[in-house]
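The structure under discussion appears below in the form of structure tokens.
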Amino acid sequence: MQTEHVILLNAQGVPTGTLEKYAAHTADTRLHLAFSSWLFNAKGQLLVTRRALSKKAWPGVWTNSVCGHPQLGESNEDAVIRRCRYELGVEITPPESIYPDFRYRATDPSGIVENEVCPVFAARTTSALQINDDEVMDYQWCDLADVLHGIDATPWAFSPWMVMQATNREARKRLSAFTQLK
């Protein structure tokens with residue numbers, strides 16, 4: 001895969017430039033654009049993934065299905081599709097926005113900061129997973145209710161962005177709609 005960049009943003013969320021992704025994530029990470037996606041299978045189960053130990057930020061942490069950064073000129077939806085193919089080896093339904101104005105800042109135990117405007121999406125797949133070990137070290141298909149209960153009971157066991165997304169009432173409601181079989 002070619003070198004990825006992040007789209008830098010000012011405080012109002014307006015693009016101001018780009019920076020190589022690996023260089024962008026430091027102890028003083030500048031605000032940038034990202035996305036987060038929750039993927040459901042034909043049984044209405046959520047894919048929860050564990051980040052590879054080689055990841056710069058939050059290695060080995062359990063999180064929602066896929067996260068990433070849209071590239072210059074790429075829509076958020078196309079970025080979700082691209083990363084689902086790259087990380088999970090799956091085709092997905094068109095991503096649906098579930099939390100369009102999500103923004104967060106969090107620091108991992110090593111001091112690496114995430115500072116993102118991060119629209120959240122959900123999608124479905126019927127494809128068999130073909131996991132990219134450079135991105136994902138483990139995964140589990142779970143009932144959403146069980147995951148939400150786990151987040152409520154032990155938020156420290158999940159990525160901070162997953163916890164913040166899952167505790168938003170409207171996002172939780174929209175995620176629940178994806179558990180209904182179609």
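Cβ coordinates come from backbone N, Cα and C, glycine included.
What Swiss-Prot records for LYS21, ARG51, LYS55, HIS69, ARG83, GLU87 is substrate binding site. Annotation comment: Swiss-Prot describes HIS25, HIS32, HIS69, GLU114, GLU116 as Mn(2+) binding site, evidence class experimental evidence. Per Swiss-Prot, active site is recorded for CYS67, GLU116. Here Swiss-Prot flags CYS67, GLU87 as Mg(2+) binding site.
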Candidate binding-site residues LYS21, ARG51, LYS55, pick with smallest Cα gap to GLU116 (Mn(2+) binding site): LYS21
CB contacts for HIS25 (Mn(2+) binding site) [other CB atoms within 10 A, all chains]: 20
Minimum Cα separation from GLU114 (Mn(2+) binding site), reported as the residue among binding-site residues ARG51, HIS69, ARG83 that achieves it: HIS69
